[in-house]
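K.L.:
Take this structure first; my questions come after.
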Amino acid sequence: MSLSVDWKSPHTRRVFLSYLPDWILVIIMACAFYGIDQIPPFRREFSLEDKTIQFPHSPSDSVPMWVVGVLCLPVPIIIIAIMSIGFKRSIVDFHSGVLGLALSLSMCLMLTTIIKITVGRPRPDFIDRCQPAEGSVDPPFKLSNYTVCTSDLESHEMVDGFKSFPSGHSSFSFSGLVYLAMFIAGKMQMFDERGHTYKGFIFAFPFIGALLVAISRTQDYRHHWQDVFIGALLGSASAWFSYRQYYPSLSHSTSHNPFKTRIHYFKSGESSGDRLLRYNQEPLYNPAAANTDNERYQLDSEHGLLNEGSNNNNSNNNNNTNNAFAMQTTHHYNNNSQQQQTFSYNREPAIAGSSSYNNNDPNTKF
């Protein structure tokens, strides 16, 4: 498979421009995160007798946020590049992998920040940040509020003290590293029901990294265990959602390939619609043109990605004639014994680079 892409081709440009809304959405969510993060959080009332917020405050983090950023962005991109470009020679696979990662991280950051500022839960080290006046007690039958603190109420330490739930380190690390784990699992076809134990160990490494980051937040007394747990769930959900936008289920036989591109290339040279629209407007096969293997391949190649593999000979191409979707034929005969063919299509998502489908498999999932 050739890595080169014909950027002069109108079809190629339309393919990549079809993903422009996704990138715009990623940028919007990243900017929203930055803007929302500047909003002061809700300052929830608390009890001065609450033992869960009386832990000592540490001036530094065991795992700084910049380390988490490196683990969740540059490292996954490098691994995605090695597995998609280095091994598979597929620029489309690389683009899908990076876009999914960016979507996972930006969505997780935005959601985490929104929840943080609206919940306003005090951190485990809040009393140490607050420094209430000596002898302060809760009002009778009431809770105390931030006005009992002697620290600068507008300082970063005090404002950040109300951003305990959920853990941003945990959600961000899980959104990036769980996505990476799913990407690796798909490329290894980990769930192919053959039971390769070593694949499980490779799959577990990103999980372990995210878990260690989350545990460090409780060691530093920055978060309660509930903050870390919900943050991990939020990050994992973002990773799963983003991965499934561009890749099939990990249990699918073609989990190592991304979905087909959104723009379908018609023989007339026109393109039509996004993925959903393409399912409803696939060009039908001409039965008369499907009599020979060579003509069948020419028709099937119309459903190909970016004319990749155009230098392959026909013997190799004939092994890939089911790239777009499975075709079922039914035969009807009239009284004059004249044969007619009608074709029906199973509207299953096409998978980039797949060689075959099993239409009769009831467990096929996308």
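Heads up, the Cβ atoms here are built off N, Cα and C, so glycines get one too.
Pulled from TrEMBL, these are the listed features:
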- 310-323: compositional bias 'Low complexity' (COMPBIAS)
- 99-243: domain 'Phosphatidic acid phosphatase type 2/haloperoxidase' (DOMAIN)
- 304-324: region 'Disordered' (REGION)
- 16-36: transmembrane segment (TRANSMEM)
- 65-86: transmembrane segment (TRANSMEM)
- 98-119: transmembrane segment (TRANSMEM)
- 168-186: transmembrane segment (TRANSMEM)
- 198-218: transmembrane segment (TRANSMEM)
K.L.:
Counting Cβ pairs closer than 8 Å, which of 65-86, 98-119, 168-186 has the most of them with the transmembrane segment (198-218)?
P.N.:
168-186
K.L.:
May I ask for the residues of the chain that lie six or more residues beyond the transmembrane segment (65-86) and have a Cβ under 8 Å from a Cβ within it?
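P.N.:
Apart from its flanks, the transmembrane segment (65-86) reaches 3, 93-94, 97-98, 101, 105, 168-169, 172-173, 175-177, 179-180, 183-184, 187, 209, 213.
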K.L.:
Residues sitting near the transmembrane segment (168-186): Cβ under 8 Å, six or more positions beyond its termini, same chain?
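P.N.:
Residues 61, 63, 65, 68-69, 71-73, 75-76, 79-80, 83, 97, 100-101, 104-105, 107-109, 111-113, 116, 199, 202-207, 209-210, 213-214, 216-217, 222-223, 227-228, 231-232, 234-236, 238-240, 242-243, 247-248, 250, 255-256.
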